[in-house]
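**Q** Found this in TrEMBL, in case it helps:
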{"type": "BINDING", "residues": "4", "note": "Ca(2+) 1 binding site"}
{"type": "BINDING", "residues": "79", "note": "substrate binding site"}
{"type": "BINDING", "residues": "109", "note": "heme b binding site"}
{"type": "BINDING", "residues": "161, 163, 168", "note": "Ca(2+) 2 binding site"}
{"type": "DISULFID", "residues": "37-234", "note": "disulfide bond"}
{"type": "DISULFID", "residues": "116-148", "note": "disulfide bond"}
{"type": "DOMAIN", "residues": "1-238", "note": "domain 'Plant heme peroxidase family profile'"}
């Protein structure tokens with residue numbers, strides 16, 4: 001199946017699937033057929049935030065894994081790095097997530113990196129203008145131009161904020177200064193509806209942490225309503241996994 005891993009927002013970006021595999025294998029040894037991959041993923045997300053200095057929260061369990069995989073569906077719901085605030089607001093509202101949820105959950109970019117591929121357009125041809133995005137702070141733009149020169153290697157990565165290994169509110173401070181890496185980040189400070197929350201979180205880390213936890217709990221409660229299963233292997237549905245095992249034994 002061609003699935004979410006090859007979706008535009010994930011390919012060559014989302015990594016370390018082997019960590020999820022190892023966690024799932026350990027859980028299966030202890031209590032086979034009980035904990036889904038979906039639950040493992042959301043617990044791993046919580047732990048990554050916590051270990052990086054962010055908040056802790058209780059994760060509700062009991063999710064099922066999908067019986068199918070859809071790259072197209074993932075592309076439809078995963079925000080593009082080119083997205084503007086209006087598009088993001090409308091997308092989140094489809095899932096009953098508020099503007100505050102949008103800005104708080106975008107704070108997940110407090111940690112991590114992104115590719116030059118995702119920003120060359122805003123450095124050299126924002127909205128087809130042949131000019132850089134005017135929202136980028138000039139000195140920061142010079143830094144990005146060196147990291148991602150026109151015609152250069154678009155696989156090179158840059159930090160999403162000034163403290164990429166620590167979960168904090170620096171992400172929002174950077175947006176206030178015009179130092180957002182992705183267009184989908186910096187746009188949050190150009191729209192009045194989202195700007196007020198960027199300012200709030202830049203000034204109060206506790207407010208950010210509280211709103212982030214609330215948003216993650218809401219996000220974790222989203223269900224497709226389609227029957228699922230508890231996969232034995234996170235990379236394939238159970239019927240396919242049985243076929244793989246049989247082929248291996250031949």
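Using N, Cα and C of the backbone, Cβ positions are placed for all residues, glycine too.
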**Q** Apart from 161, 163, 168, which residues in this chain have a Cβ no more than 8 Å from the mean position of the Cβ atoms of those residues at the Ca(2+) 2 site?
**A** 110, 111, 162, 164, 166, 167, 169, 170, 171, 173, 174
**Q** Going by C-alpha positions, which of the recorded positions (79, 109, 234) is nearest residue 161 (Ca(2+) 2 binding site)?
**A** 109
**Q** Just name the most isolated of the binding-site residues 161, 168, going by other Cβ atoms within 10 Å of its Cβ.
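**A** Looking at the binding-site residues 161, 168, the Cβ with the fewest others within 10 Å is that of 168.
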**Q** Within 10 Å of each Cβ, count the other Cβ atoms and name the one among the disulfide-bonded residues 37, 116 with the highest count.
**A** 37
**Q** In Å, rounded, how far does the Cα of residue 163 (Ca(2+) 2 binding site) sit from the Cα of residue 109 (heme b binding site)?
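**A** Rounded to a whole number, the Cα-Cα distance is 10 Å.
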**Q** Please tell me which one of the disulfide-bonded residues listed here (37, 116, 148, 234) sits closest to residue 168 (Ca(2+) 2 binding site), measuring Cα to Cα?
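**A** Checked the disulfide-bonded residues 37, 116, 148, 234; minimum Cα distance to residue 168 (Ca(2+) 2 binding site) goes to 116.
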**Q** About how far apart, in whole Å, are the alpha carbons (Cα) of residue 37 (disulfide bond) and residue 116 (disulfide bond)?
**A** 31
**Q** DSSP on residue 168 (Ca(2+) 2 binding site), three-state: which is it?
**A** coil
**Q** For 148, 234, listed as disulfide-bonded residues, tell me which one has the smallest number of other Cβ atoms within 10 Å.
**A** 234
